[in-house]
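Annotation comment: TrEMBL describes A:His101, A:Asp104 as active site. Residues or ranges marked as Mg(2+) 1 binding site by TrEMBL: A:Glu232, A:Glu268, A:Asp296, A:Asp339. Sequence annotations record features per position, and here TrEMBL assigns Mg(2+) 2 binding site to A:Glu268, A:His271, A:Asp307, A:Asp309. Sequence annotations record features per position, and here TrEMBL assigns domain 'Xylose isomerase-like TIM barrel' to A:120-278.
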4 protein chains.
Amino acid sequence: MAAAFPEIEKIRYEGPKSKNPLAFRWYNPDEVIEGKTMAEHLRFSVVYWHTFRGTGSDPFGPGTMLRPWDDGSESVENAIRRVKVAFEFIEKLGAPFYAFHDRDVAPEGATLRESHKNFDAVAKVLKDEQDRTGIKLLWGTANLFSNPRFMHGAATSSHADVFAYGAAQVKKCLEVTKALGGENYVFWGGREGYQNLLNTDLKRELDHLAKFFHMAVDYAKKIGFTGQFLIEPKPKEPTKHQYDSDAAACLNFLRSYDLLPYFKLNLETNHATLAGHTMMHELEYAGMQGALGSIDANTGDLLLGWDTDQFPTNLYLTTECMLAILKWGGMGAGGVNFDAKVRRESFEPIDLFYAHIGGMDAFARGLKIAAEMRADGEFTKFVKDRYSTWDSGIGAEIESGKATFETLEAYMLEKGEISPHKSGRQEMLENLFNRYF
Amino acid sequence: MAAAFPEIEKIRYEGPKSKNPLAFRWYNPDEVIEGKTMAEHLRFSVVYWHTFRGTGSDPFGPGTMLRPWDDGSESVENAIRRVKVAFEFIEKLGAPFYAFHDRDVAPEGATLRESHKNFDAVAKVLKDEQDRTGIKLLWGTANLFSNPRFMHGAATSSHADVFAYGAAQVKKCLEVTKALGGENYVFWGGREGYQNLLNTDLKRELDHLAKFFHMAVDYAKKIGFTGQFLIEPKPKEPTKHQYDSDAAACLNFLRSYDLLPYFKLNLETNHATLAGHTMMHELEYAGMQGALGSIDANTGDLLLGWDTDQFPTNLYLTTECMLAILKWGGMGAGGVNFDAKVRRESFEPIDLFYAHIGGMDAFARGLKIAAEMRADGEFTKFVKDRYSTWDSGIGAEIESGKATFETLEAYMLEKGEISPHKSGRQEMLENLFNRYF
Amino acid sequence: MAAAFPEIEKIRYEGPKSKNPLAFRWYNPDEVIEGKTMAEHLRFSVVYWHTFRGTGSDPFGPGTMLRPWDDGSESVENAIRRVKVAFEFIEKLGAPFYAFHDRDVAPEGATLRESHKNFDAVAKVLKDEQDRTGIKLLWGTANLFSNPRFMHGAATSSHADVFAYGAAQVKKCLEVTKALGGENYVFWGGREGYQNLLNTDLKRELDHLAKFFHMAVDYAKKIGFTGQFLIEPKPKEPTKHQYDSDAAACLNFLRSYDLLPYFKLNLETNHATLAGHTMMHELEYAGMQGALGSIDANTGDLLLGWDTDQFPTNLYLTTECMLAILKWGGMGAGGVNFDAKVRRESFEPIDLFYAHIGGMDAFARGLKIAAEMRADGEFTKFVKDRYSTWDSGIGAEIESGKATFETLEAYMLEKGEISPHKSGRQEMLENLFNRYF
Amino acid sequence: MAAAFPEIEKIRYEGPKSKNPLAFRWYNPDEVIEGKTMAEHLRFSVVYWHTFRGTGSDPFGPGTMLRPWDDGSESVENAIRRVKVAFEFIEKLGAPFYAFHDRDVAPEGATLRESHKNFDAVAKVLKDEQDRTGIKLLWGTANLFSNPRFMHGAATSSHADVFAYGAAQVKKCLEVTKALGGENYVFWGGREGYQNLLNTDLKRELDHLAKFFHMAVDYAKKIGFTGQFLIEPKPKEPTKHQYDSDAAACLNFLRSYDLLPYFKLNLETNHATLAGHTMMHELEYAGMQGALGSIDANTGDLLLGWDTDQFPTNLYLTTECMLAILKWGGMGAGGVNFDAKVRRESFEPIDLFYAHIGGMDAFARGLKIAAEMRADGEFTKFVKDRYSTWDSGIGAEIESGKATFETLEAYMLEKGEISPHKSGRQEMLENLFNRYF
Ligand SMILES: [Co+2]
Ligand SMILES: [Co+2]
Ligand SMILES: [Co+2]
Ligand SMILES: [Co+2]
Ligand SMILES: [Co+2]
Ligand SMILES: [Co+2]
Ligand SMILES: [Co+2]
Ligand SMILES: [Co+2]
């Protein structure tokens, strides 16, 4: 098979002065930061769905993408050809990981059995390509949202058959993910929610969702799949409301149904902002709850109200992400997964390279800046000082559990008023942040 | 003391045909619906802060309200005069409850001790007026957000003294709430959050917040306060992010810190929508989590981005609220508390009557419509039918815990595809909803 | 050809007590309101695109709709079969109008010439069906947004060929609209805008857009098309920014380029709210600018950020629409066009009937309530009184042009302060509004 | 009078390597860029209202700011003391301009006459300080929104007296602005709009607003004030809807009432985003309409729904602003006016310095980057090439006015389909943008 990108050579690191749009200016995989290489910190992953299956369609028009290697058919042959193009792309790009949905890589068949068979056939080629290139699977997941059978939800469908169908699909996908050495398994519940409450039994649906996750945990144990389970929060779109709306909603659900030990979160920037949170908030929140698993690296447009899934290039964003990730000790088995798509108007194959190079460079630069900030320690010191009243005296008594409402009232009646406050210095800190750019 | 509203007599129920703007058209307190009177269902409560302390100021201009009984001073005398006006108002309106913050009813003193003293002096008059009129206290709460000492938070302040001050204030407010027979105690953490993450230790702040709540629970036990503790979610404003951002965030926090048994939620419409949820969603979610405590009845403007706290008159909204409340068995010790303010341009005292009458009528009508829908049973039956596949066969096997991924895969491989779906019928249900108006 | 909806008879008016979901409860076409029949006021129109071409696809999944009469092919035969179903539907529903895009009714061909030919072939059948049933064309429009050739815009494309293509398409569509007696011609510029400013020459694009509209005006004159030209504002989606973002932006554009005499606006509820306005605002604004042409009747979900195009059932909304429309003297050649689609989960043919019946009833009821409010005159009187200082004295001097800054300063220096204000009475007015429901 | 900021010396340029938080790293006033100094390009202006009158109050709490020079009284003496502090601050900061509302600089009196007198007394000191320091007045404006008399609007009030009062106030403020050599005069219509449409006569209000502006134009002519009139758009807050909602709404209003020749726009970032637009959009739009007058430099938080008026530090934002400003030939008499306030928690005087230094550096850096991009010409060239089909052939025919629908249809029938498109290259351009940071 001829190369799909014959004119592109392996993308190389050329340093900040390079003007080559097909080179890295910041991502230098072997450069060591805080004792680990950039590659180890960032664990970049290319997504199969947007990058190899995205057509450029939107609600007002069909696809636009030029993909000469793809004949548009839903055949296994076409799927296998696509796998080879994908690995050529990922290898030339130099990303160590990829991620897929079952239905991205292999066509759905006329029956479940046929779908399983198709999936097996393509998985074999994925395995071969992984072995050939050393590229690894960051995570697998099952698409339980596209097919009309999932219109009312999958695990939360009003129709029990759909739960069963979803269970069968996840079972298979867990097996394949295990076979391919996948390091995580992700659930994104795009249709797990409701369009309106008038026809919905919310509690019954959530009870079902918990049952589904417990079955997944049980089955993973049974087959010895030791990858990390991840839930990916998103508040809405396609549904009016998705049950996994943000980090807090996911964690409350997991706690309610005794699932917390088995799951972490896969946080996405555009989903955070659709839920009204900054990505840094979601990272900090998940981090402090011990649930920071992985990230879907992209960006949205805060003036638009849907998931634009754009490639992340904003250096403030990537620096904030890396600050939070470094602070909470990294993402373990997770990675920086580009759940992002080229614009409908960026329809040429080379745009895929530009997009990924820009995203990787933006994260590499964010990592370097974050590490520099941490080495300087000015932010850390500021925060430490800001909370210093908690390190001794009344603060320490509260933290240690000695204080009660009565001892605190006595303390304050005696004192009459608090000792003076210090400024929060937001503007100074924002200026300091800019000093690193 | 002369009457503040001499021209207003007790507001009476005159029925739907009345054109008297100072009469109820729907709220008929003794009318029995589903075995309880309207008064028992709705437990209307007037809030002290907006109704007796609201000035009509906004970020672009000072107050506008004409309140001839209020000399504007921060004296105990003025505060006591205000209490009498408040009870005249509530009595004429016919609301059975009221709610307050400590600093609404009594002026803050130069020291904490003086503030306590002022609060005691006014509480005595509140007690007298309660006894005289039979009006009861729905809940008390401490204002831990207005005074500049709370600029960095209260329980989550970077400054330990502020935690102590807040503790002393809540201790006192619990005592007063108990003395006044308050049926609940509410926490709204207006400043418990952050303005930016660069200067914030999020985990340490949340650990402190949990300590604070545990101390409150312990102290309530100690003094025998048996009212219900409630947290009121709100996502933002005045902070960039409030920790108690929505029902799910509150419940995850409560679960994380072993506080769930002691708390329920006080849900507010305008806070729900600022968090991106419908009020009905928050009610259903809290209901199914066993945490539906009370509601702050108001409405926002979804095209504006701040808490407009308007009086609720939308009958779709009030019907949805009452549907959820009836479904989950009512609000127990909670009530329908009008956390709402007249517009800055509605500056005459009589506007307070129009506003509350409109809100009470809207909820009374919502209650009647909801009860009628429930009696007809069309919505209930639709939902029951929609989930009927879960009542036997594979659905029942899943619900009973007999199914596993393996049995479900076997079932679906055999079946090949799900049995056909039924329409969700959203449009038909929306039309049916309109039939009740 | 067999009936597509054999089980459905002509939808009849049965009055408010009817519980028949396939009858009108409020829409009684011959009932006279303010001197015109309901049918004349409302001029209901069914849209071809959502109702006969909508598949139920969304960005996360393909279509779901059951349309047994449609073989899914892009053939003229299929298109003609669809026309017959459409007229059966519209006739049974009792809507007097319909509206289409060129590409909805007839398939695009391999060349422009072939597309023209297809369009002619189908237009002939449309004409026959119009003649047979008496159903009329409210408006035609050309789809200049779906085909990938329009990815960078149509009249505002960076590529001049696309302008030419769009011109050819609009020319043809004007001819067909004229031939079918269409009463208006609409422009919705879904791709006329930009995705980002870095690659966009905004001024050059707007200059081109104005040229395009001038050519359309010239050509209409030439062929004697006397229907009303309408622009339909929308702020975003599919683009980041659409040039025709709201009523004010459209009118400023029209004024800037000397196009105002030839155009009015077709306002859509969901587009108004995406632009941050209420529909009533857009109607009032267009009305007072003499530019209220027609409405696309639907509703959005203000907690979601995209164009959900739901059927309108909210009676507050429909009453506000009809108040504004009656106030500004109706819509002339325009109508109430249901640019709305059944939900993806409402996939059965009968859902199309439920949806339209609900929308028509909601507007009929809104019309009746609005007329009742106008007959009572309480709102009108309130507003008249509120502005009474403008009817004489200093107000009249200002309005008549006699006053200057100097005379006004003299007046106010003399007076020292304004005479007292009156309350805006928003709450009382909202209660009064509810009295009509 | 003792210095208010004794510990602060004149802020100096120390270059990018400086770690001094009280020095400029980028703003080097005499550095020449594109033939003008930075000072000439940027024309920085300090606002009187936020910086010298801001208290740190918000809707949930009173002021927090430490301002030892201000005794809190509404006396002329206090006002004059404040003027001296202001000029000490502006001089030490090195900003060449300032801007004020009448009521910021001088206290409102018991009557209009007394207010005029107060204003004159303070204006004299402003003049002296301007002369002493060389600091100039960028613009004056009248506060027609804070006083309760403006609750229903000023020029658009339902009460004619208020129009007269506002006229008198603007007359005086024009006189003072002229006397102080103000280079512009600004209208921000904070209360010119409505809270609800039920009590509003929108057309009558807009007719009044136009009269008001015409009177202002006439009076300026009469007294020989030759400064530029500017309108500052904002969509909402404090009102539900402000008539001057965005650039397009302002310009349509100006065109409708024959006011366009006399006005330009003062665009504010946070107002642009509240209206759903990027600041760059508003700048480009105003630029291409010949109406770009000045900017209120700040930033908002797109996840919050109110005007946070934060100091701008985002370099993407400042670069985009400067790209648009340079492209449209600068702002003429306008400037970069920091309509921004320190956070409520940044309550120390020194925070004012940090805030302004950060904002000035961010704009200086944005200017340098924008100039570098323009010098390199890569963006310009890309855009030029993207539209190259318009420079000859069919494109040139369209632009020159030779083409008609008929010639274009003929062209396209002949050609059959457009020649192939080029990618919009958004990702490549975003990467290129990042290369400059
Ligand atoms: Co994702
Ligand atoms: Co996404
Ligand atoms: Co509340
Ligand atoms: Co509120
Ligand atoms: Co439309
Ligand atoms: Co629409
Ligand atoms: Co401003
Ligand atoms: Co502002």
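Glycine is treated like the rest: Cβ placed from N, Cα and C.
Within its own chain, A:Asp296 (Mg(2+) 1 binding site) has A:Glu232, A:Asn266, A:Leu267, A:Glu268, A:Thr269, A:Asn270, A:His271, A:Asn337, A:Phe338, A:Asp339 as residues 6 or more apart in sequence whose C-beta sits under 8 angstroms from its own. Other residues of the same chain near the Mg(2+) 2 site, with their Cβ within 8 Å of the Cβ centroid of A:Glu268, A:His271, A:Asp307, A:Asp309, are A:Lys234, A:Thr269, A:Asn270, A:Leu274, A:Asp296, A:Asn298, A:Gly300, A:Thr308, A:Asp339. Remark: A:His101 (active site) has A:Tyr48, A:Trp49, A:Gly140, A:Thr141, A:Ala142, A:Asn143 as non-local neighbours, by Cβ distance under 8 Å and separation of at least 6 in sequence. Across the fold, the C-alpha of A:Asp307 (Mg(2+) 2 binding site) and the C-alpha of A:Asp104 (active site) stand 19 Å from each other. Less than 6 Å separates the Cβ from ligand 1 in the case of A:Glu268, A:Asp296, A:Asp339, drawn from the recorded positions A:His101, A:Asp104, A:Glu268, A:Asp296, A:Asp307, A:Asp339 in sequence order. The Cβ of A:Asp104 (active site) lies under 8 Å from the Cβ of A:Tyr48, A:Trp49, A:Phe52, A:Arg53, A:Asn143, each of which sits 6+ residues away along the same chain. Same-chain residues that are not part of A:Glu232, A:Glu268, A:Asp296, A:Asp339 yet have a Cβ within 8 Å of the Cβ center of the Mg(2+) 1 site turn out to be A:Trp188, A:Lys234, A:Asn266, A:Leu267, A:Thr269, A:Asn270, A:His271, A:Ile295, A:Ala297, A:Asn298, A:Asn337. Taking Cβ-Cβ distances under 8 Å and a sequence gap of 6 or more within the same chain, the neighbours of A:Asp309 (Mg(2+) 2 binding site) are A:His50, A:Asn270, A:Asn298, A:Gly300, A:Asp339, A:Ala340, A:Lys341.
Under DSSP, A:Asp309 (Mg(2+) 2 binding site) is assigned to coil, being neither helix nor strand in the three-state scheme. In this structure, A:His271 (Mg(2+) 2 binding site) is part of a helix by DSSP. DSSP classifies A:Asp104 (active site) as helix under the three-state reduction. In the three-state DSSP scheme, A:Asp296 (Mg(2+) 1 binding site) falls into the strand class. Among the recorded positions A:His101, A:Asp104, A:Glu232, A:Glu268, A:Asp296, A:Asp309, no residue has its Cβ under 6 Å from any atom of ligand 3.
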